[in-house]
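Peer 1: Take a look at this one; I'll ask things after.
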Amino acid sequence: MTVTPQTAAATELPAQYQPGEVETRRYERWAADGLFGVDPASDRPAYSIVIPPPNVTGSLHMGHALDHTMQDALIRRRRMQGYEALWMPGMDHAGIATQNVVERQLAEQDGKSRHDLGRDAFVRRVWQWKDEYGGRILGQMRRLGDSVDWSRERFTMDAGLSSAVGTIFKRLYDDGLIYRAERIINWCPRCLTALSDIEVEHSDDEGELVSIRYGEGDSAIVVATTRAETMLGDTAVAVHPEDARYAHLVGTEVELPFTGRRIPVVPDAHVDPSFGTGAVKVTPAHDPNDFEIGQRHDLPSITVLDEHGVITAHGPFEGLDRFEARPAIVAALREQGRIVAEKRPYVHAVGHCSRCNTTVEPRLSKQWFVKVEPLAKAAGDAVRDGRVAIHPPEQEKRYFAWVDNMHDWCISRQLWWGHRIPIWYGPAGEMVCVGPDEEPPSGEGWTQDADVLDTWFSSALWPFSTLGWPERTPELAKFYPTSVLVTGYDILFFWVVRMMMFGLYAMAGRQPFDQVVLHGLVRDQFGKKMSKSRGNVVDPLEWMDRFGADATRFTLARGVNPGADVAVSEEWAQGSRNFCNKLWNATRFALLNGATVAGPLPTELSTVDRWVLSRLHATVAEVDRLFEEYEFAKLCDTLYHFAWDDVCDWYLELSKPVLAAGGPAADATRRVLGEVLDVLLRLLHPVMPFVTDELWEALTGPGAGRSVMVAEWPTPDDARRDAAAENRIAVLQRIVTEVRRFRSDQGLKPGQKVAARLVFPADDAGVAAHEPLIRSLARLADAGDGFEPTASLTVADVEVALDTRGSIDVAAERARLEKDLTAARKERDGCAAKLGNEAFLAKAPEPVVGKIRGRLAAAEADIARLTDALEGLTGRG
């Protein structure tokens, strides 16, 4: 029975794909149908991912878009496989960043500082800002297609998570793993808070190296420093104990300029004899290494810079900013004849606040710390013994470098926005840690610690606090440990290590996730870091406006090679948009020609139908394997080439004559075409959710609550693999491709038919049966009377003789070929120059280099082909 080609679904599917309209409608429908939700009481296997919580101040950038595309693809696939798949959304309160934003707003709108409002009023103001302006990124996540369970959205300062923070602080404190001590910490004079080591970004800055003479005559000693302003707080000069130059001075004292104080010369193995003069000034209150030297030699610590970076020492420099004091002190020393040498510029590494880029000031301060040694050891052991797998494995070295060499974590911040440290101080020096279910001490003189916790403290609880810990909730029982964590390698220590430490501690040795998948940073097409100054920043929201969310997602996913940076370009995004159009047009063609998914596949199938089904199930198996290995680039390439090459370029074209002829063969092809598109759309759905859902519904028919999102994930059927059909069609493809290339080289128009004779070998394995298809696809006419071959090709032992007389303008064709040859040589030379540039190869990511190698190979092949074509014109015309 022949199916009527013009179906209702085809006529309802517009001729052009409009992403914006489809995406909005589809997402609203998914949410309304409750397709993102989970049931912790179900008996289905659990699969869970917690989203790296974006800052409440944030807006979607390419890093987020990449991160979310990968996570959403994993969740959507597991959901289709029948898992109870939970993707937990939420936001981070982003202590410093949010406080800075609201402080700026307060100054601009009201002309006030937070101190003018007071702590309680300022915190209320931040909550108001959060409710009004925060969370913009959540709407952008919907735009991208994130299939998170919005009913479970969390915020790091909501009541439940705040309780979790207080609970773990209390437990760590009671176990002796949280303590208060005076240490050298990183201090931001702009944000007025302590920073952990990983919140400090180091860059090479131009400064000066000044050599200063302390003391007089034979007892004088010269020290080299980049920070002359801190000399006012020096309490010693240190030399290496084996440095013979200074052996006679060890144990003596020298006078410190401007202060009248005498300071000792001490021996310490930390000193590098080759740096500067081999003698260094020791300022225990303003340098971490000097602090350690001071501890070893029982030196006093004298603070000479306040929290704003202003000189506090009595004398002529009091009240000067540190960067004003530095040249003033050097000038004064010069006047006294104490400057022995000066080197400018002197390039050295300087720490900067990761939030505001202010130069960080090492400062002696009493702060709260986590004792990380036992926690870090447990985090290292969990990876070493295989409980947690890191992908790619090469990133394990970076992980171990952090956990095996961690310093105690400074967790206190001098901010008002955040989780306030639950420590109370009494009038007689008492110190009490108060849990979330306990009443704080009452009575006159009791005050709570003014500091708040580092933002990363609450983020470290994210995998279990979001599931209800410390309560024993059904969600915690069902979904912990989470299945996989997907994040950038740049926050491996910021977040991943800390989640491991706290998860293993709080959950009795159970790791927070089974797998860690680390991706690289998103860069431009040349492998350069995106920055406003370079003008190469790509806004994913702009891409979604122009190309659609599916094209944006596919472009990003196709660039993901494990652990490597991800290069993207507008050209590739346009290519992904074209891919969406290709899928749209292929499905529309299929529906217009009666493709169906109804009923079983016919038992009698043509070689072409068996070939495409064989290729389909090979693709299903390959995509399954690549998903399990988190090889997003390869799985996207596999799907792209199957869809574009096998289905659209070949199967649809091979099907047209069959469909036009009608009969049982056409009916079989309609069913196979429906099957191929059904499976292909399901395979593509995790990465391209919107267009696949729209097309799948058109193909399979509308129904209440039906969506490809909850359709069954395809499984490979080895019985459908057919090596003979694949080999036969491969020969057909080679013949058609070579004839098409010959036609192009000869300047024949695409629709122009050429008389040809095909001669097949005796053992052609059935290829001769497809001669009508070969002629149809290669635009070859029968060899009639007067046939006189002017050219011949031999492909896979099949001879194709062609009569091109009167078909070619030889002079015009020679000019065209010479022009194309010149362009190919230019392309070859440009690619070869790049690949021969050592500086380029050292900086460019491997995917970019690989693309250029591919372009070089293609250019060389074009040169050979065009040269042969020109030689073939010799003596003609």
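Heads up, the Cβ atoms here are built off N, Cα and C, so glycines get one too.
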Peer 1: Would you mind telling me which of 54-64, 252-262, 351-361, 736-746 TrEMBL tags as motif ''HIGH' region'?
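Peer 2: From TrEMBL, the annotated motif ''HIGH' region' range turns out to be 54-64.
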Peer 1: Could you tell me which of the ranges 334-338, 529-533, 574-578, 749-753 is annotated in TrEMBL as motif ''KMSKS' region'?
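Peer 2: Of 334-338, 529-533, 574-578, 749-753, TrEMBL gives motif ''KMSKS' region' for 529-533.
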Peer 1: Let's see if you can do this one: DSSP helix, strand and coil counts over the domain 'Aminoacyl-tRNA synthetase class Ia' (446-568), in that order.
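Peer 2: Across the domain 'Aminoacyl-tRNA synthetase class Ia' (446-568), the residues distribute as 51 helix, 23 strand, 49 coil.
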Peer 1: Could you tell me the mean pLDDT the prediction assigns to the domain 'Aminoacyl-tRNA synthetase class Ia' (26-433)?
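Peer 2: When the pLDDT values over the domain 'Aminoacyl-tRNA synthetase class Ia' (26-433) are averaged, the result is 93.
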Peer 1: What is the three-state DSSP composition of the domain 'Valyl-tRNA synthetase tRNA-binding arm' (809-873), stated as helix, strand and coil residue counts?
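Peer 2: Within the domain 'Valyl-tRNA synthetase tRNA-binding arm' (809-873) the tally stands at 60 helix, 0 strand, 5 coil.
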